[in-house]
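This structure is in structure tokens; I'll ask about it shortly.
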Amino acid sequence: MLVKPMACYFEIWTRKVTTIEDFSLAIANRFKQMGSHSDSEVDWDNEEEVWEDEVHEFCCLFCDSTFTCLKDLWSHCKEAHNFDFYQVKQQNNLDFYACIKLVNYIRSQVKEGKTPDLDKLSDILRSDEYMISVLPDDSVLFSLGDELDSDFEDDNTLEIEVENPADVSKDAEIKKLKLQNQLLISQLEEIRKDKMNELTSQTTDQLSVTPKKADNDSYYFESYAGNDIHFLMLNDSVRTEGYRDFVYHNKHIFAGKTVLDVGCGTGILSMFCAKAGAKKVYAVDNSDIIQMAISNAFENGLADQITFIRGKIEDISLPVGKVDIIISEWMGYALTFESMIDSVLVARDRFLAPSGIMAPSETRLVLTATTNTELLEEPIDFWSDVYGFKMNGMKDASYKGVSVQVVPQTYVNAKPVVFARFNMHTCKVQDVSFTSPFSLIIDNEGPLCAFTLWFDTYFTTKRTQPIPEAIDEACGFTTGPQGTPTHWKQCVLLLRNRPFLQKGTRVEGTISFSKNKKNNRDLDISVHWNVNGKADSQSYVLN
């Protein structure tokens, strides 16, 4: 009997049918063919007749790695994710169907950003919920039968005489086909549901005339799903070592404590806390990167200490009432860009114990005046001559946007001043939108070309611990021109009008931060200033 793999049925059908009725008819016809050709070769609609050395792609249960051999996949899971399929199967005495459920259970948990609980397998595998394939055409499921048959042959030490070996082969094949049939029926039901949802959505869209609200959150979380952004952040030694040193130098406040990591990303801060002795770390993220964070925890033997939860901090619940410490790297350009501080403050109000600690404990926005003739003017002067053409109209956008770049310390022409402080234990979401006064004294004569701002970050081990005015490595880190450059760089507000100022001239004014009305993750900045009795102002958008 020539048996064509079930995964191929599904592939062929999806090329030929376009409606749910077509799917149902295709299933009926295909299994009718199978039943009427029990001992002969089947005509597969002129598809390939011979299925020799077919190459399968086996996807890892925990990460994006793929393999062409199932045994290689299990070896990878054991080495990279501390999951021994053969040991789990043997210890729990799992049969063919239970192994199917095990694979689907693990895939479903990883997809939801959760850590699979293998200690409760007996209860979990009683449900038929995990007979439904998580991945379409999951080669692991379709090859488990061969895997288990192979195990049986390896373990069988008795020679048994079989009158008709073909009958045993057919029985095994029938068993496998029944399972594959059940899987396909489950997949068909999912397709049916998806199709109905699609039709319902289309109908709703046709009836509705109300413009859809921009989904800025989805775009935001998707932007943190890839490796590049995390490479940039982790490679920032000032940032990463600042957090690491705070945790490792203060292991006494983490030992035996419960920690919440808001926006865990790759899980680096959670792993720092676990290594420092935290009893439990709850790592929350709403981006696909959480799947890699789970893999990272498994790989480093920290999966028992860290529980990953996928979702918005505003929506999720924790297995515990309160936590002892909340840690988060939430800072954006100009500190509040992307508005992640809002989520951290929500987490504090929902989950932090009254005596709990926020890490970092305080952040400060800092402003200075900048003088230069080259670096800061480059994005403006570029448009004066573009391959022989004038494009001066393009200059306007450069004055409306915030230029994020590394500013040399030599361009700083006034003693920096703090214009906003955020005590993370007490501040409120509404405090993030503000207007603050500032006063700068010019150090050397020259044109006032721009205002430049950055932020400083402070860590404390107690809620009431005094915070020094000066920033140093012992208490935190700076993102200013005087320090080692970071991926945050500095934010430059270029001025249209550039008055020439003498040494000692005072520049006074106000600076305002507010959320952009079109996208609340973008940042609007307005500056009003007065020099020698002459007032001026300018507004910017950081997006």
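Each residue, glycine too, has its Cβ placed from N, Cα and C.
Pulled from Swiss-Prot, these are the listed features:
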- 58-81: zinc finger (ZN_FING)
- 217-543: domain 'SAM-dependent MTase PRMT-type' (DOMAIN)
- Arg239, Gly263, Asp285, Ser287, Ile313, Glu314: S-adenosyl-L-homocysteine binding site (BINDING)
- Glu329: active site (ACT_SITE)
- Glu338: active site (ACT_SITE)
Take the zinc finger (58-81) and find every residue of the same chain, 6 or more past its ends, with a Cβ under 8 Å from one of its Cβ atoms.
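For the zinc finger (58-81), the nonlocal Cβ contacts are 103, 106-107, 110, 135, 138-140, 143, 147, 291-292, 294-295, 298-299.
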Roughly how many Å lie between the Cα atoms of Asp285 (S-adenosyl-L-homocysteine binding site) and Glu329 (active site), rounded to a whole value?
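Cα of Asp285 (S-adenosyl-L-homocysteine binding site) to Cα of Glu329 (active site) measures 12 Å after rounding.
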Roughly how many angstrom lie between the C-alpha atoms of Glu338 (active site) and Glu329 (active site)?
12
Of Glu314, Glu338, the recorded positions given in the record, which has the fewest other CB atoms within 10 A of its CB?
Glu314
Roughly how many Å lie between the Cα atoms of Glu314 (S-adenosyl-L-homocysteine binding site) and Glu329 (active site), rounded to a whole value?
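Here the two Cα atoms lie 17 Å apart.
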Could you tell me how many residues in the zinc finger (58-81) are helical, how many are strand and how many are coil under DSSP?
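Grouping H, G, I as helix and E, B as strand yields 12 helix, 4 strand, 8 coil.
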Fill in the CA-CA distance, Arg239 (S-adenosyl-L-homocysteine binding site) to Glu329 (active site), as an integer in Å.
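The separation of the Cα atoms works out to 9 Å.
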Including all protein chains displayed, how many Cβ atoms other than that of Asp285 (S-adenosyl-L-homocysteine binding site) lie within 10 Å of its Cβ?
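So the number of other Cβ atoms within 10 Å of Asp285 (S-adenosyl-L-homocysteine binding site) is 27.
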Which whole-number mean pLDDT does the model give the domain 'SAM-dependent MTase PRMT-type' (217-543)?
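In the predicted model, the domain 'SAM-dependent MTase PRMT-type' (217-543) has a mean pLDDT of 91.
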For Glu329 (active site) and Ile313 (S-adenosyl-L-homocysteine binding site), what Cα-Cα distance in Å is obtained after rounding to a whole number?
14
Tell me the coarse DSSP state (helix, strand, coil) of Asp285 (S-adenosyl-L-homocysteine binding site).
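Looking at the DSSP assignment, Asp285 (S-adenosyl-L-homocysteine binding site) belongs to a strand.
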